[in-house]
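Here is the structure we will look at.
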Amino acid sequence: TRSLTITSVDPSMFEKAQGEKVTLPCTFELSEEDEGPLDIEWVLIPADNQKKEQIIIMYAVDRVYNHYYAGLTGRMQFTNLDPRSGDGSLDILNLKASDTGTYQCKVKKAPGVQSKKIQLTVLVKPARTKCSIEGSQEIGKDVTLKCVSQEGSPLLSYDWRRVSGTQNLPATSMLNKNTGELLLKNASREYSGVYSCVATNRVGTDECSVELNVTPPVNTAGIITGAIIGTLLGLSVLCSIIFCFCKKHREKKYEKEVHHDIREDVPPPKSRSSTARSYIGSNRSSLGSMSPSNMEGYTKTPYSQVPSEDFERAPAQNPAFAPSKVAAPNLSRMGAVPVMIPAQSKDGSIV
């Protein structure tokens, strides 16, 4: 007797890129003998045979149950909203690399039972491909152009091409498609230009570019000499600045010390006795020019009167004579320069 059969003839292996959508086919036909309830199950068969199959979605008793597998929650659905029509295909949206695995469709309608396995491989397109240059870009040197994709499922393949000038790669170039390295031996100025690298796998491509500029060798001796001279000049300027700073600091310190110290070479101020002697000497000359009549008035002045300022006798004078004090006359009445009589001899004459 004829029973339930799965009619899908699509490939049993699918390769899709991450982020894309895939439809895993599972169409079937029922027979008249199949009278039981219709059950459709999609299960994920683990790579480890020791683990159990994981139900991801199921149709039973006219209802859909899709909460069994958290990894695909919200990203899977039956292609046909009514699987009873004979289409139990499964759609998986926004594919991830973790979705890679073996999926099995099981259709049950007693007494008929059929199943089909499908292998799904989710590949990652090459992405974030970077180009770089390794080695000195000088004439006669070996230069290596590198190309690496930071994302992408194996097997990745790399290919270099020249964008500017002639499209052909230099004759001395050596390309490694697996590592993405392009070796340019004995580089010349003609090698200069823009080079592009294309990373490829089974689900996509990515590209980057780099500019090579081959120049004559650098005069390293001149650079070293210039660096030494510049260093010496910098040190000399620094030493000059330090010397000037120290000199200025010493000058300020010396001025401060001189300001607070007493200078020994400055003569002491004149004593009151020396001032008195100079004052008496000047008045003696005035007495010499005075007439006897004027002198008579001064002789009558009592010696007991004390002048406005005391005068001491100089140590060099004769100790026999004692200093005396004379009161100063009233200058406003006499109209003359005040005269002080310092002493009187034994015979009563004025000295």
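Residue 1 is the first one shown; counting continues down the chain.
Cβ atoms here come from the backbone N, Cα and C positions, even for glycine.
Keep in mind that TrEMBL annotations are predicted by a computer and have not been checked by a curator.
Small disclaimer: the values here were computed from a predicted structure and weren't measured.
The compositional bias 'Polar residues' feature in TrEMBL is assigned to 271-303.
Across the domain 'Ig-like' (18-121), DSSP helix (H, G, I), strand (E, B) and coil residues number 9 helix, 50 strand, 45 coil. Among the features that TrEMBL reports, domain 'Ig-like' is placed at 18-121 (among others).
Feature annotation from TrEMBL assigns domain 'Ig-like' to 126-215 (among others). Mean model confidence for the domain 'Ig-like' (126-215) is a pLDDT of 93.
The region 'Disordered' feature in TrEMBL is assigned to 260-303.
The transmembrane segment feature in TrEMBL is assigned to 223-246.
Sorting each residue of the domain 'Ig-like' (126-215) by its DSSP state yields 3 helix, 51 strand, 36 coil.
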